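TrEMBL annotations:
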- 20-42: transmembrane segment (TRANSMEM)
- 54-75: transmembrane segment (TRANSMEM)
- 95-219: domain 'Phospholipid/glycerol acyltransferase' (DOMAIN)
- 342-366: transmembrane segment (TRANSMEM)
Amino acid sequence: MAVTLEQAQRVGYTCLKALLRFAFMVANNLVAIPSYVLYLIMLQPLRMLDSKSFWYIEGVLFKWLLAMVASWGWWAGYTVVEWGDDVKAVSEDEAMVLVNHQATGDVCTLMMCLQDKGTVVRQMMWLMDHIFKYTNFGIVSLIHGDFFIRQGRAHRDQQLALLKEHLEKYYRSRNRKWIVLFPEGGFLRKRRETSQAFAKKNNLPFLKHVTLPRLGATQVILKTLVAPQENGTPVGREAVIKESKSKGLQWVIDTTIAYPKGEPIDIQTWILGYRQPTVTHVHYRIFPVKDVPAEPEALTNWLYERFIEKEDLLSHFYETGAFPPLQGQTKAVSREMTLSNLWLVGIQSLAFLSGGMWYCIFQYFYHCLF
């Protein structure tokens with residue numbers, strides 16, 4: 001079949017746009033990430049004198065970096081519509097966010113849709129696969145205090161012990177509020193077959209749009225971060241909570257990401273922007289942590305129920321193009337998430353100005369020394 005001139009022009013334009021976007025992303029990373037690191041190196045005296053103020057500034061810089069990532073998708077027309085409970089109402093409380101996992105773009109989607117949720121982004125902690133430690137953003141996540149978890153049965157017990165230690169050491173000392181994890185333990189396409197075989201063997205529901213979640217990380221987070229009056233844990237084991245005067249983890253936010261036609265966006269698409277503008281749909285359900293069981297078997301069943309509900313939500317979405325209404329509602333209400341282009345341009349400009357400033361500083365010291 002012959003390619004028309006119009007088709008050739010369209011392909012050429014798409015390739016050129018992707019190339020320019022990639023070049024911008026590389027330049028953005030070359031100035032923004034080193035600037036983040038250098039600012040925090042310069043602020044180390046403040047960290048010793050006033051740790052709270054240091055981590056406040058770090059959180060602001062971290063939010064700006066995530067906003068830059070969000071801007072790559074926003075300017076490509078990859079927007080978000082939100083459904084279900086309004087999580088802004090609990091943005092100042094401690095919460096655990098459970099998310100289904102389909103592709104690398106899930107993280108980018110969360111980076112975008114949480115930008116307008118108050119202080120959430122700068123005070124959140126991420127649990128992610130250890131491989132992300134070796135990406136360009138790895139140094140930022142390491143400094144921020146995110147946890148990189150190694151998958152696999154052979155590492156499970158050790159990783160859960162390390163997670164508990166990490167939470168006790170960093171979560172409240174850095175004033176974290178939300179913790180985000182993907183309980184499925186991997187992408188849908190990689191885990192679906194294994195999950196379905198496990199479900200069949202154990203007389204569990206057959207799931208197509210999600211996989212059965214794993215218990216480990218969720219249980220460690222609840223045991224470590226829930227205040228004693230809520231889970232019955234002896235006060236002596238929750239000294240960190242008492243000292244920080246924290247109310248402890250108060251909410252579990254069940255978050256379901258849905259892509260039109262079930263076609264997820266990956267990080268390459270997010271960066272290059274070669275896919276047509278797409279609306280990603282995000283559904284939230286908020287559960288008080290006091291309603292979440294602590295015992296392993298009961299917690300496992302509770303988690304399974306959440307992902308069975310996700311399966312129903314996604315089935316309804318793929319059939320109708322919308323999520324069903326919440327209990328007690330007659331019609332589902334959606335909210336279009338928006339970002340300010342002026343603000344995004346402002347933080348991008350600040351990143352490049354910072355890069356130029358650090359370059360001039362290094363040039364000055366180089367000429368002074370040599």
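Just so you know, glycine gets a Cβ as well, placed from its N, Cα and C.
Taken residue by residue, the domain 'Phospholipid/glycerol acyltransferase' (95-219) breaks down under DSSP into 61 helix, 18 strand, 46 coil. This prediction places the mean pLDDT of the domain 'Phospholipid/glycerol acyltransferase' (95-219) at 92.
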